[in-house]
Structure formats: C-alpha cells, structure tokens
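These features come from TrEMBL:
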- 107, 147, 152-158, 182-185, 190, 213, 267-268: ATP binding site (BINDING)
- 111-297: domain 'ATP-grasp' (DOMAIN)
C-alpha cells in the first residue's frame, strides 16, 4: 500500500460522532477530511472541509465523493455493502473492506464466522417465527435474548424471554424479522478488545477495559479491567485472530462476556472505532482514532501502551448538558456537537485519568 501523505484527503462514510472524532484525529495529522452522509447538519460535517449530503444508494454522488478522496473509510457498520463495493471499483483505496461489513451486519453470519475461527460465542438458534422461538428455548434450555439479525445497536431490536409464553410478544416487538435467539449467559463482567491492523498485517491492541451497560447502552468503560493478565492476553489474541481472518485494515472492537471461571465468550464485533475505546486518546500513547487514521493511510502503527489507568463515562440524554467548569483537573470532556438531547442519545463522554500505570 502506498503511504498517504499529510495534505491528502480522507473520506469518511457516515456523519456521526465517531466520524467527527476520526476527522479531528485526521486533521491533527495534517489531512483534509470529506464526509458523506444522508443527514443534514451531521456532527462530523462540522469537522470536515467538505460534506456530501446524499443517500448511500446514490451511485453518482458516491463516485463524485470517491474521486475527491485519496483514501476512504467508514464510521459505522450499517452502510450498504453495495456502496462500499462501488467505491472500491473506482480504484480509490477503502478500508476496511466489504468483508468486514458483510459479516458484522448479520448477527447469524457474525456468530458463524467467529465460531468458525475458534472464537466461541454463547449458544444460539436462528429464528424466523414465533414458533421457532419456542423450539429454540426448549433446545437451549435456558432464558434467551432475541436479537434482530440486522440493524440492532445500543439495545435496539432486542427482547428478553423467560419462557415460551413470551414468544409472540417478543416476535412482535422486533418487527417479526429474521433474528437469532441467544442463550442468556450468567457472566461475571463484560470486556472488549480494541485492535488495529495495518495493510502490512502489523497489529496492535489496547488493554481490555471493563464495560458496564445500562438499559442496553454502554455507560462506563474502566481500564484496566481487573482481570487476570492471562485472560486479558487470551482476549487480545482472539481479537488479533479475528482481524487477521477478516483481512481488516483499521480499528476493530471485539466484545466478550467473561464467566465466573474466566471463560471468554464473544458477544459481537464492530468493524470500526468503538465507544469502549474512547478513553484511549487521553490515557494511552496512541488513541484509537489516530491509530485508525495511521492504519488506513499506510503509516506505521503507534505505541498503544497505557500511560494512566482510566475511566470513561458516557453523557446520555440531558446528562450531555454538562458545565465544563465543573470538571476536575484529571477529566477531559468531549461533546459531539448534537443540537438536541433526547433520551438514550449519546451526547458526549468524559475521560477520567486515574493513577499512572505501574509496570
């Protein structure tokens, strides 16, 4: 891969907060940024030199956007694979590629892929009707969580089931669309591994944080996780195995359930920078956003060592209306530029640097 030099233009598909933070990292490294998204006044567009406001099915707009860029990336996984393939056909480098998106967009494909490379997940069954739910609960022998195969995030498109009596209600609640039913796992904690890979196959990862969710939305990430280092090393090795198997260039996040005995079960992966990695820019030598830009531009990957223990907490809904004057000296506030605070909407985050790392 030819190295993309400062002064070049990075295109980002998607206009949300992840695109905004990627754009900020790209600007800091000397790149211009173009944004492509369907929404007007998107958060990322206010950090970009130019924005294309068009649908992901607009082939002419996609080609025009690609022609203005030296390399293209994406900020979230629910971009149509066809849009990514079209840009790839123009000859403009695009990272990550269509494979990472195609696998991550379908929970059934994702779980099959993970298990196929010896990264175990919780037991699951495919669901296409309420009757399937009843049969799956009997087969799994435990309570379950019904999840749509596509388009679910932050707890959306999910329903918990205790027994078959809930089947019709749960099936209706997700819109009667293809789904998976996962066995409900009595985990001790959740962690994630943020890993980066260059086009040359070089990989780096960050110390796994412990993640705490509320109402299906990430509330806090705490680094270090408090786990035995052998368990953390195992999780990091699995994340590297996944990113290599996908031939993924850029940053990727793999989430795990950790059982009482230390067993790791993969939950899901995101082929992009991730909310649970938002603490890395303030607490590590190289943060996830800079690392992603380095990877897609063919630069050497940066050092990911943790300089401080850290805690990141999300500002959700009205909590985003925070007074920066109330922050402590060891806290950094990042607001996403969203103009209206709605319940369940991520408005920003705060990273709290704790004790310097002790080796």
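Glycine is no exception: its Cβ is also placed from the backbone N, Cα and C atoms.
The structure, with features from TrEMBL marked on it.
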residue	record	DSSP class
107	ATP binding site	helix
156	ATP binding site	coil
182	ATP binding site	strand
267	ATP binding site	strand
Which of 107, 156, the listed binding-site residues, has fewest other Cβ atoms within 10 Å: 156
List the residues of the same chain that sit at least 6 positions away from residue 267 (ATP binding site) in sequence and have their Cβ under 8 Å from its Cβ, in sequence order, or write 'none'. 121, 122, 190, 255, 256, 257
For residue 185 (ATP binding site), nearby residues of its own chain (Cβ under 8 Å, 6 or more apart in sequence): 122, 257, 259, 265
